[in-house]
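Asks: Handing you this structure, nothing more for now.
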Amino acid sequence: MDTIAAISTALGEGAIGIVRLSGDQAISIGDKLFSGAKPLKEVPSHTIVYGHLAEDGEVIEESMVTVMRAPKTYTREDIIEINCHGGLVSVNRVLQAVLSHGARLAEPGEFTKRAFLNGRIDLSQAEGVMDLIRSKTDRAMNVAMRQVEGRLSNQIKRLRQEVLETVAAIEVNIDYPEYDAETITQDIIKEKMTPVLAEVESLLVTAKQGKVLREGLATAIIGRPNVGKSSLMNSLVHEAKAIVTDIPGTTRDTLEEYVNVRGVPLRLVDTAGIRETEDIVEKIGVERSRQALKDADLILLVLNSAEPLTIEDEALFDAVSGMDVVVIVNKTDQKKRIDMEKVHQLAANRPVVTTSLLFEEGIDQLEEAISGLFFDGGIESHDLTYVSNARHIGLLNQAKTRALEAIEATDMDVPVDLIQIDVTRTWELLGEIIGEDVQDSLIDQLFSQFCLGK
Ligand code: GDP
Ligand code: ZN
C-alpha cells in the first residue's frame, strides 16, 4: 500500500503538531527531510530522535521524530511521527514537504481503516476511536475508551460463539438426521437462544445512556418571561467543568451549547433562541415550538417562587407531559408566593428543585437531580458495556427480533430447519457489529467519517 500522511493533532491546538506517516515508504520519506545523529532507517523501532527538518537545503525547523516499525504499530505498517512546533503554518509546511517527497494525503479515518484492514482492530473498536474523537465529556470518553479496548467486541464475540454452537448443532441435525435426530430438539434451541436474547436486550438497555453520553442530552429550558431561564443557562455554563471544545470537522449547530453536569453532557438546544425571545410561553401554542419541545430529551421547567402560579405555568406542564422534566422553583431569596403543594402536584413524580440563581443557591441539588434522572440504578458502574453507536443499536435490534422469532417458532412447533434461518441471521447480524461479513461499501462509509489523521 502507498504511504499516507496527515496532521494528527487538532489544528491550532496545543504547542506541538504531529505529522504522521504510515506505509512502506514512511521511514525513507522521513530520511529525505530529517537529519539527526543517524538516518531514521538505522534507529531502533519505537524510539524518538532529535534533529532538523530541511527542505532544499534550508532548515525548516527543529524536530523530534518517532520511528515505529511494522508490525507493532497502530496500522501494522511502518509509522513515523514528526513532532513540530505548533501553529498551522509550520505543521502544514512539514505536511507539504512529506507530500512532495512521495507520501499521499490520507483520507479521513484512513489510518484507522488500515489498522482495521490489517487486522489490528475490529470494526467496533474502530468506531470507538471515532467516538473518542467526538466525545463530549470525560464520561463519554470512558465509554469510547472501553469500546476501543474491545469490551463490546468481546461480549459480541462470546454471544456469537454461543449462537454458532447452536447453528452447528442444528446443521448436524439436518445433515445427519439418522444420528439421534431428536438430540437437537426445539427445546434445546430455545434453551440456547433465550440467554442470547436476554444479553442482546441488556445491551440495548444501555443504548439510551450510551447515546446520551455520545451526543449529549437535548435539553430545553422553558418558563415564563423573567423567571430566570437565562440565569439558569448562564449558571449551568459557568458551572460546567469540562466543556470540550469542538474538534475541527465536528462543528455542531451554533445554536447549541454543551455543558457537562456531573458527567451528563447536556446539549442546551436553541439557546440563542431562548436568549433572544423571552416569550417562549407565547409561542408554546405554536406548532413549531411544540415540535422543538418534543425533540428534547430533558426539559428544565423554571417557575418563579415569588409569584403565584399562573395559567401559563400550568400550560407549560401540559406541554411537557410524559417527558423527562426537572422543575426549578427559582428566586427563593424573595418572599414566597408560589403554592409548593400545587407545584408538586403538577410535577407529579418528577424532581422539584428550589434555587436562587441570583445567589447561586440550589445548583448542586439541580445537578444532582439531572444526573439522577439518567444515571439511576447503578448505571455509573464502571463495568458496564455501553452501546452508544447508532449502527450497533440498529443491528442489535434486528438481532433481537430474529432471536425472538427463533424462540417463538420453537413454541409453535416450526420445523428446525426453518428456525435455523433466524438463528443464522442472528449470528450474521452480530457479526456485522464487529465487522465480520460487512460489505466494503459500508466500511468505506464508516471510515470516511473519521477525523483526518486518525
Ligand atoms: P428569563 O427571562 O426567564 O430568561 O429570566 P432572566 O434569567 O433574564 O432573569 C430575569 C431577572 O430575574 C433578572 O433580573 C435576574 O437577575 C433575576 N433573577 C434571576 N434569578 C434570580 C433569583 O434567584 N433571585 C432573584 N432575586 N432574582 C433573580
Ligand atoms: Zn472530526
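Each Cβ is built from the backbone N, Cα and C atoms, and glycine gets one as well.
Remember, TrEMBL labels are computer predictions, not curated facts.
Keep in mind the model is a prediction, meaning the values are calculated, not measured.
Pulled these from TrEMBL:
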- Arg20, Glu81, Arg120, Lys454: (6S)-5-formyl-5,6,7,8-tetrahydrofolate binding site (BINDING)
- 216-375: domain 'TrmE-type G' (DOMAIN)
- Asn226, Thr245, Ile247, Thr250: K(+) binding site (BINDING)
- 226-231, 245-251, 270-273: GTP binding site (BINDING)
- Ser230, Thr251: Mg(2+) binding site (BINDING)
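Can you tell me where each of these features sits in this structure?
Replies: Other Cβ atoms within 10 Å of the Cβ of Arg20 ((6S)-5-formyl-5,6,7,8-tetrahydrofolate binding site) number 24 in total over all chains.
DSSP assigns Asn226 (K(+) binding site) to coil in the three-state reduction, outside any helix or strand.
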Asks: Just going by other Cβ atoms within 10 Å, which of the binding-site residues Asn226, Ser230 has the emptiest spot?
Replies: Asn226
Asks: For Arg120 ((6S)-5-formyl-5,6,7,8-tetrahydrofolate binding site) and Ser230 (Mg(2+) binding site), determine the Cα separation and express it in whole Å.
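Replies: Given the Cα positions, Arg120 ((6S)-5-formyl-5,6,7,8-tetrahydrofolate binding site) is 49 Å from Ser230 (Mg(2+) binding site).
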Asks: Where the distance is taken from Cα to Cα, which of the binding-site residues Asn226, Lys229, Ser230 turns out closest to Glu81 ((6S)-5-formyl-5,6,7,8-tetrahydrofolate binding site)?
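Replies: The smallest Cα gap between Glu81 ((6S)-5-formyl-5,6,7,8-tetrahydrofolate binding site) and any of the binding-site residues is with Ser230.
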Asks: Which one of these binding-site residues has the most other Cβ atoms within 10 Å of its own Cβ: Arg120, Lys229?
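Replies: Checking each of Arg120, Lys229, the winner is Lys229.
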Asks: What's the CA-CA gap between Lys229 (GTP binding site) and Arg20 ((6S)-5-formyl-5,6,7,8-tetrahydrofolate binding site) in angstrom, rounded?
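Replies: Computed Cα spacing between Lys229 (GTP binding site) and Arg20 ((6S)-5-formyl-5,6,7,8-tetrahydrofolate binding site) is 46 Å.
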Asks: With the Cβ atom as the reference point and anything under 6 Å counting, tell me which of the binding-site residues (Arg20, Arg120, Asn226, Lys229, Ser230) are near ligand 1.
Replies: Asn226, Lys229, Ser230
Asks: According to DSSP, does Arg120 ((6S)-5-formyl-5,6,7,8-tetrahydrofolate binding site) sit in a helix, a strand, or coil?
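Replies: DSSP call for Arg120 ((6S)-5-formyl-5,6,7,8-tetrahydrofolate binding site): coil, neither helix nor strand.
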